[in-house]
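These notes are about the structure you will find just below.
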């Protein structure tokens with residue numbers, strides 16, 4: 001008896017096994033986050049210090065750090081790919097919501113533009129190789145290798161829920177994410193330095209030309225400037241500054257995908273949700289729409305391009321045309337933002353009559369999308385509120401001040417209502433899925449042919465003990481999508497709304513990303529806050545506003561597909 005009592009506790013499994021596993025999971029995440037925070041702070045210190053001429057941190061130091069980080073991240077990525085190939089049980093689950101095709105397609109597009117930028121950058125620094133450090137040529141070459149390796153890695157592994165070497169994988173993903181954020185910060189700081197140098201060199205409130213070379217950053221790190229006088233050198237210089245926005249978006253797209261992979265490390269998916277997603281196999285661009293949204297969106301897109309060209313030409317030219325260019329720019333933005341606000345409100349009203357069930361499944365991709373939409377919008381909120389205070393409290397009461405005030409107010413309203421529409425759309429189930437608590441009274445109608453076994457799983461049909469497959473919920477949603485009325489007016493309106501907002505966000509991304517800076521051309525904020533404070537506000541907040549537009553495009557494309 002004593003032996004049985006002695007052996008009893010040994011045979012019983014430990015009770016807190018699941019809890020300890022969860023604690024260790026949080027500990028592994030904490031370790032990777034601490035690594036990322038320390039590396040990011042080091043990169044932030046060097047990048048920000050290298051932006052000022054009086055700090056003894058040269059651009060070669062920044063290039064050396066970024067090159068080292070990209071080499072280490074590329075080596076870890078190759079190790080991950082080789083390890084998953086050799087270990088067949090390394091990825092037992094794949095998250096169907098992670099890495100949608102439009103997000104990976106955008107990553108490839110921005111990656112190709114980044115490679116072209118690296119070619120121009122290499123040609124630019126090679127034009128005066130005799131007075132440059134070798135690291136300036138090695139940096140774009142290393143970045144090209146990093147972009148190729150990372151793009152392939154995210155294309156094939158974005159959906160992975162890996163279950164081997166969990167702590168090492170979390171640290172590697174966080175380090176790669178930090179590398180992309182460091183590249184993004186370096187590009188944003190470089191852009192801000194050029195903007196500031198252009199303003200100071202011209203001594204005019206109307207000039208913000210983005211291609212004036214900065215002698216400190218174009219010169220060697222030990223003194224002496226490297227002139228860029230040849231035509232080929234100037235072409236390379238202008239070319240890679242034109243492509244900077246694509247490099248910035250590539251880094252941010254890669255960061256979001258890496259974060260979702262980090263959240264999916266060690267994740268267990270139920271068999272009912274394994275491989276189940278709401279993304280259809282084929283997507284037709286203007287399918288089941290009224291064509292009003294795409295046509296109106298294309299018209300605003302074309303008009304916006306013309307306004308942007310006129311603005312750049314007139315602001316960069318004679319000073320007398322600056323006010324006219326600003327009036328045209330603000331007028332177009334007011335019309336565009338007003339229409340986007342009304343359309344977003346219309347979409348939210350349509351959802352009040354939509355009986356689709358809310359999707360409450362755990363979805364790291366959707367959680368990240370919502371957080372990025374809300375967080376990135378804060379940048380434009382800050383700029384708008386600073387502009388409102390400057391216009392209301394400031395002395396001038398002219399047409400330009402009124403347009404600036406209307407533009408700031410509509411910018412806040414548009415971001416708010418568009419976020420409400422997108423977030424509600426992302427939380428809706430697929431078309432045709434009714435809430436589970438409904439008790440249908442009538443049988444199914446309007447079916448020409450259907451599988452009888454599938455009909456038993458519909459909420460609108462009498463319940464039956466016979467179920468199809470191991471996942472009745474997944475089959476129920478899939479069959480409901482098939483049986484949903486294709487020509488329903490609400491679905492068409494939602495598709496038109498999403499396409500219209502998508503095209504408008506694209507043109508509103510192009511304008512600030514490629515050099516439109518009415519914040520400095522308009523003298524109201526500069527005179528009220530002073531150039532130094534206003535430049536700091538714009539240079540910190542505007543990159544988040546630019547990222548918001550492109551992230552909204554990605555989310556709206558998903559809304560269009562799910563509608």
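Using the three backbone atoms N, Cα and C, a Cβ is placed for every residue, glycine included.
If you look up TrEMBL, you'll see 1-21 marked as region 'Disordered'.
Taken from TrEMBL, the feature transmembrane segment covers 30-50 (among others). A Cβ distance under 8 Å defines the sequence-distant neighbours of the transmembrane segment (30-50), meaning residues of its chain 6+ beyond its ends; these are 57-59, 61-62, 65-66, 69, 167, 170-171, 173-175, 177-178, 181-182, 185-186, 189, 262.
Counting same-chain residues at least six beyond the ends of the transmembrane segment (62-81), those with a Cβ under 8 angstroms from any Cβ of the stretch are 39, 42-43, 46-47, 50, 133, 135-136, 138-139, 142-143, 145-146, 149-150, 152-153, 156-157, 169, 172, 175-176, 178-179, 182-183, 186. Per TrEMBL, the feature transmembrane segment maps to 62-81 (among others).
For 101-117 (among others), the entry in TrEMBL reads transmembrane segment.
Annotation source TrEMBL lists transmembrane segment at 137-156 (among others).
For 250-270 (among others), the entry in TrEMBL reads transmembrane segment.
Per TrEMBL, the feature transmembrane segment maps to 290-311 (among others).
Residues or ranges marked as transmembrane segment in TrEMBL: 327-351 (among others).
Look at TrEMBL and you will find 371-393 (among others) tagged as transmembrane segment.
Residues annotated as transmembrane segment in TrEMBL: 497-516 (among others).
According to TrEMBL, the feature transmembrane segment maps to 528-548 (among others). Packing against the transmembrane segment (528-548) from elsewhere in the chain are residues 184, 188, 192, 195-196, 199, 245, 248-249, 252, 372-373, 375-380, 382-383, 386, 389-390, 393-394, 415, 509, 512-513, 517, 519-520: each is 6 or more residues past its ends and has a CB under 8 Å from a CB in it.
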Surrounding residues of the transmembrane segment (250-270) on its own chain - C-beta under 8 Å, 6+ positions past either end: 25, 28-29, 32, 93, 95, 98-99, 103-104, 106-107, 110-111, 113-114, 147, 150, 154, 157-163, 166, 169-170, 173-174, 176-177, 180-181, 183-184, 187, 364-365, 368, 372, 547, 550-551, 554
Winner by Cβ pairs under 8 Å against the transmembrane segment (290-311), considering only 101-117, 327-351, 371-393: 327-351
Touch test for the transmembrane segment (497-516) and the transmembrane segment (101-117), at least 3 Cβ pairs under 8 Å: no
